[in-house]
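The structure appears right after this line, and notes come after that.
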Amino acid sequence: MSHHDERTFVMVKPDGVQRGLIGDIVSRFEDRGLKMVGGKFMQIDEKLAHEHYGEHEDKPFFDGLVEFITSGPVFAMVWEGADATRQVRNMMGETDPADSAPGTIRGDFGLDLGHNVIHGSDHEDEGANEREIDLFFDEDELVDYTLDTAAWVYEDEDH
Ligand code: DAT
Ligand code: MG
């Protein structure tokens, strides 16, 4: 069942927390059949923000992005499942909520590029999922367990 154990890093951003969207967003991933293996309610400090968004440090929006992501609590998570990184990105929609299809998280909950509710590891950036998981979680904060519904989500999973 190794092809069911891809892990990806996901985070409800400060706007999503303030707007009470943690539950809705968690529900979407649960409903999809993904398995939560880590979750942490926390506030990101300047140093972690710079590490997490390092790829954008030369962009004009970087300072505003750091200010926003450190402005209030976030809910950081690790979700596991088949093709998890790409599937989560598909469920998130486009970077700009204004370009995101209805039915996606950003398309349903956002209108503004600077307040786009959720972060998910980039599936086109090889290894970004593992790097971001390592940045936010210690190994002992991730839980290995069997989700009893997996046999109904995956055809080749044993009952
Ligand atoms: P994503 O969050 O979809 O992976 P990204 O990695 O390109 O998008 O950018 C990280 C965040 O930076 C994004 O969620 C919102 C912000 N951002 C991206 N492009 C921006 C822009 N042109 N102006 C303002 N903020 C931007
Ligand atoms: Mg990105």
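Cβ atoms here come from the backbone N, Cα and C positions, even for glycine.
Taken from TrEMBL as is:
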DOMAIN    5-144  domain 'Nucleoside diphosphate kinase-like'
BINDING   Lys13, Phe61, Arg89, Thr95, Arg106, Asn116  ATP binding site
ACT_SITE  His119  active site, pros-phosphohistidine intermediate
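Known features from TrEMBL, placed on the structure.
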residue : record           : DSSP (3 states)
Lys13   : ATP binding site : coil
Phe61   : ATP binding site : coil
Arg89   : ATP binding site : helix
Thr95   : ATP binding site : coil
Arg106  : ATP binding site : helix
Asn116  : ATP binding site : coil
Listed binding-site residues: Phe61, Arg89, Arg106. Which have a CB under 6 angstroms from an atom of ligand 1?
Phe61
Given the ATP binding site residues Lys13, Phe61, Arg89, Thr95, Arg106, Asn116 in the record, what is the largest Cα to Cα distance, rounded to whole Å?
21
Counts of helix, strand and coil residues, the domain 'Nucleoside diphosphate kinase-like' (5-144), according to DSSP:
63 helix, 30 strand, 47 coil
Hey, how far is Arg89 (ATP binding site) from the residue listed as 'active site, pros-phosphohistidine intermediate', Cα to Cα, in Å?
9
Around the Cβ of Thr95 (ATP binding site), the count of other Cβ atoms that are within 10 Å:
12
Which of Lys13, Arg89, Arg106, His119, all recorded positions, has a Cβ with the fewest other Cβ atoms inside 10 Å:
Arg89
Among Phe61, Asn116, the binding-site residues in question, whose Cβ has the most other Cβ atoms within 10 Å in this structure?
Asn116
